[in-house]
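Below is one structure; the comments refer to it alone.
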Amino acid sequence: MSNNFMRLLNPATDSPCCMLDTMFDLHVPVGLSPPLFFHISLQDLFGVSMIIPLLSHHVKALGASPTVAGIVGSTYGILQLFSSTIVGSWSDVVGRRYSLLTCLLLSTLGYGLLGMSTSIALFVLARIPVGLFKHSLSICRALLSDLVSASERPLVMGHFNAASSVGFILGPVVGGYLTEHEGGFYTSSFTCAAIFLINAGLVWMIPQSETVANRNDTVCRNDTSTGYHENHFSKSVQNGSHTNSHHPLLTAETQQESTSSEKHRGGFRWRDVPFLQPVWKQLSSVGSRIHIVASSDMWDLFLVRLLMAIAIMLYYSNFSLAMEERFLLKPKMTGYLISYSSTLGALAGFLVGPVTQLYKNNMSALLLHSTVLTSTLIFLYAAAPNVWQVLLTSTFFAISTTIGRTCITDLELERGGVQASGTLIGAGQSVTAVGRILAPLLSGLAQEFSPCGPPSLGVVLALAAVALLLIRIPKWDARGMTKTAKFRNSHEQKLVH
């Protein structure tokens, strides 16, 4: 395992200029380290998807009424809503490896308790650690964003999402098979716990370099004369893209704080608090990062994420019921259609890289076009006169949504700065969790009018996202051009002197 890779796994030991230069100087082949995390993501969602379809049946078997079952079922979503950003920011503070290990081990505990849940109280207790710390995929995404360059990030994220989708497709099949046997739910729960324990072992076995500190000091001294922003600008031009042309939001907004201490050479150190320091220092650092993101000008990206998340969830919310009422389609055939769409979504992850190259890494334009396509497909589904049109829309819908999710994540990292990728990805997951809470309510209200009500409402929300992008993208591009010009002028002045 390369020393550069280990430096990224233990960012608390790195100085700021080294960490940022390492992120963009890494020319790690995609086949070297990321596949480990592809494997972890596949196993992660494989284990989780074994459990998800069985939870409602198990809690009812424990004697819960439908109302109590609904309240218990919402516990996980509510905990995820509040913990996503906090845990993501914590991974920026203490480092990816330590935070990922903690999340995997506590998730193992939660699923192990679920395998012993013989009462509703124990069932709720088992969901608490999972709801608070089941953020292993988010941390893996943040680590991958650290590991690869900005131009490689969409490709790697697409493959990561594809691996996750494969796990989510296979898990219910195995879970359903195990449930047919006596004690099948408990067997599935313990199997899921064992999978998370294996993943924790894989992360733990990654070797750590003992010469990191000396290498960091050497690289920092060699690179100080050039500076991160000039190197970053040069690489963006060489890659033929505008990626990361926006000055990292979190670096800019913490510049004043970074100059208050001599140990913060070269900028604010987003990963300068190791996990061995007092908890209150870690919490203080986490709070400051969340505050900066909350007070940033990234509201437009998060709003687009929320609108599209609700629109997509409305598309799927009553899919089976609508197929039965509109086309008299049997549940078995509907299941085949959903499986077909899910498989295409997994395969679409491998298209992200070629498509972003086709767009020359212009993620703003790609996000706009994928959002327009998604809104069009939702409309065609809502107005479909027959099953064949539904099949056609499902085919392209799986592709457009997969590309759109990758684009929105990449833009968040581009505008916010990868040095706070955990905070940004966690905030995005919290926004999506809000969508999961609102979508069922909106779907129920829309179904009062028509089986096509939920997707029709989804069209309206998706068009609102398109309108927002049309208004805001020119401002993003103008801001990026202004800052690029500033970087170019600064670089030219340094060459003159």
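Using N, Cα and C of the backbone, Cβ positions are placed for all residues, glycine too.
In TrEMBL this protein carries:
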- 33-479: domain 'Major facilitator superfamily (MFS) profile' (DOMAIN)
- 67-86: transmembrane segment (TRANSMEM)
- 98-126: transmembrane segment (TRANSMEM)
- 160-179: transmembrane segment (TRANSMEM)
- 185-206: transmembrane segment (TRANSMEM)
- 298-316: transmembrane segment (TRANSMEM)
- 336-353: transmembrane segment (TRANSMEM)
- 420-442: transmembrane segment (TRANSMEM)
- 454-473: transmembrane segment (TRANSMEM)
Distal contacts, the transmembrane segment (98-126) - CB-CB under 8 A, six or more residues away: 47, 51, 58-59, 62-64, 68, 72, 75, 87, 90-91, 132-136, 139-140, 143, 186-187, 189-190, 192-193, 196-197, 199-200, 203-204, 275, 422
Mean per-residue pLDDT computed across the domain 'Major facilitator superfamily (MFS) profile' (33-479): 81
Contact between the transmembrane segment (160-179) and the transmembrane segment (336-353) (3 or more Cβ pairs under 8 Å, separation 6+): yes
Tertiary contacts of the transmembrane segment (336-353), as residues 6+ beyond its ends and Cβ separation under 8 Å: 154-155, 157-163, 165-166, 168-169, 319-320, 323, 329, 390-391, 394-395, 397-399, 401-403, 406
For the transmembrane segment (454-473), distant same-chain residues with Cβ under 8 A (at least six beyond the ends): 300, 303-304, 307-308, 310-312, 314-315, 317-318, 322, 364-365, 367-368, 371-372, 374-375, 378-379, 381-382, 442-443, 446-447
